[in-house]
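Per Swiss-Prot, these features apply:
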SIGNAL    1-17  signal peptide
CARBOHYD  ASN119  N-linked glycosylation site
CARBOHYD  ASN150  N-linked glycosylation site
CARBOHYD  ASN177  N-linked glycosylation site
CARBOHYD  ASN186  N-linked glycosylation site
CARBOHYD  ASN208  N-linked glycosylation site
ACT_SITE  ASP215  active site, proton donor
CARBOHYD  ASN217  N-linked glycosylation site
CARBOHYD  ASN234  N-linked glycosylation site
CARBOHYD  ASN240  N-linked glycosylation site
CARBOHYD  ASN315  N-linked glycosylation site
CARBOHYD  ASN332  N-linked glycosylation site
CARBOHYD  ASN382  N-linked glycosylation site
CARBOHYD  ASN405  N-linked glycosylation site
LIPID     SER419  GPI-like-anchor amidated serine
Amino acid sequence: MKPSVATLLATVSLVYAQTATEKEPSLSAIESAAASIQPYSPVSNVEGVAFNRFFQVWLENIDYEDAAADENMKWLASQGILLTNFYAVTHPSEPNYCAAVGGDTFGMDNDNFNQIPANVSTVADLLDTKNIAWGEYQEHLPYPGFQGFNYSNQETYVNDYVRKHNPLVLYDSVTKNSTRLRQIKNFTSFEDDLANKKLPQWAFITPNMTNDAHDTNITFGAKWERSWIAPLLNNSYFMNDTLILLTFDEDGTYSKSNKIFSVLLGGAIPDELKGTQDDTFYTHYSVIASVSANWGLPSLGRWDCGANILEIVANKTGYVNYDVDTTNLRLNETYPGPMSAGEYSKYSPVWPNALTRGDCSAGHGILDIVKETYANTEPTYNYSSPFPYDTASNYNTKVTATKKNVTGTHRSSSSSSPSASSNAAVSAVAPAAGVSGLLLGLALNLL
């Protein structure tokens, strides 16, 4: 029996009882919520062209060279494919997490209590188009869907869980849906889901502030990561057709270009590719594009649209990636936007319009709700570019890219960075949605 709209509205409205707070909630409030909110672990079995499960694990703030020199990182790389040309997209941490699921930084240049409007889509919306189960696992999250700014270690009171390292909780399209919130869980839920064979097909995994190297160092973080991932590499359920990305949010030296050490692992990698390296240019946006290409999903119409696709996927779909000349590439800051606090970019009240036309690198067009939201508008940026740039703020305008040919070498006639004329400055904010309308929409979607 389908529940009534009234029942669904009541269920959806539970999210408002979990008030987002810009400081750490009291322990009593946390314990009260933890006693009543249960994790939700949907499962699915949608076959992809290169993998059937994708998990990514993020560590923090380490320069590429320092990670590459660590013995545990060397061991991890020997088990899979080392990505030698993978870049974060800005500084500091939070905008990279934001970009990894939403395809844009929206000018974010800070680790504040940022909230992205409910009509801005995420990778969760892409996965939902084919009912592909997704989830997050945040170490020491006190309960599913916790929206507080942080949660300290209750014994030592050191930093533990922090909101800025939780990508989907930044988006109101997730936090205003109680079911989606319950898919944001902790490591205890990961162990339960693993044991019960209820892991999702897509997951984002964040260790706590000690294990992710943020408050420690690469030696500590790499040792933790190897000890955590090594047993999973011997778990047949976990490994079967699984692709794992081990990466970092950003490098540790803000004056550098923001290249980060990244490794692909898992049963989806052919034996002959283990211990090899891939020199293709990638960013955090490439991960969204690769997930879309693998499962035949649409694009968000943002920087995921033109992003290079992981070669392990591109070789299956036939997509030809770009070679990007990184000589003049600077991904250590971002362009103006509504999430800027004036730290590494300039504030602008204008929410960028998404792209609504084109196949994108994944080859499956744009998400329908994005096309509806931004109908009859021009994209603010040239989101079909394999790297982010903005002519208005002179951001990465000297970077060039050339399509590879089928053998992976350059074509004889090189192409420069995509036309600046596509980078239109359009003053249009993200359309607003009333709370009642949003709740009704969520309810009707569940019917």
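Note: Cβ is positioned from N, Cα and C throughout, glycine not excepted.
Everything Swiss-Prot records as a feature, shown here on the structure.
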residue: ASN119; record: N-linked glycosylation site; Cβ neighbours (10 Å): 18
residue: ASN150; record: N-linked glycosylation site; Cβ neighbours (10 Å): 18
residue: ASN177; record: N-linked glycosylation site; Cβ neighbours (10 Å): 23
residue: ASN186; record: N-linked glycosylation site; Cβ neighbours (10 Å): 22
residue: ASN208; record: N-linked glycosylation site; Cβ neighbours (10 Å): 23
residue: ASP215; record: active site, proton donor; Cβ neighbours (10 Å): 16
residue: ASN217; record: N-linked glycosylation site; Cβ neighbours (10 Å): 14
residue: ASN234; record: N-linked glycosylation site; Cβ neighbours (10 Å): 8
residue: ASN315; record: N-linked glycosylation site; Cβ neighbours (10 Å): 12
residue: ASN382; record: N-linked glycosylation site; Cβ neighbours (10 Å): 22
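Between the candidate glycosylation sites, ASN240, ASN332, ASN405, the densest Cβ environment within 10 Å is the one around ASN332.
Here the CA atom of ASN208 (N-linked glycosylation site) lies 11 Å from the CA atom of ASN150 (N-linked glycosylation site).
Distance from the CA of ASN234 (N-linked glycosylation site) to the CA of ASN186 (N-linked glycosylation site) is 22 Å.
Here ASN382 (N-linked glycosylation site) is positioned 19 angstrom away from ASN332 (N-linked glycosylation site), judged by their C-alpha atoms. Ranked by Cα separation from ASN217 (N-linked glycosylation site), the glycosylation sites ASN234, ASN315, ASN382 are led by ASN234. For the recorded site, ASN315 (N-linked glycosylation site), the DSSP three-state label reads helix. When the C-alpha distances from ASN177 (N-linked glycosylation site) to the glycosylation sites ASN119, ASN240, ASN315, ASN382, ASN405 are tabulated, the minimum falls on ASN119. Looking only at Cα atoms, ASN119 (N-linked glycosylation site) sits nearest to ASN382 among the recorded positions ASP215, ASN382, ASN405.
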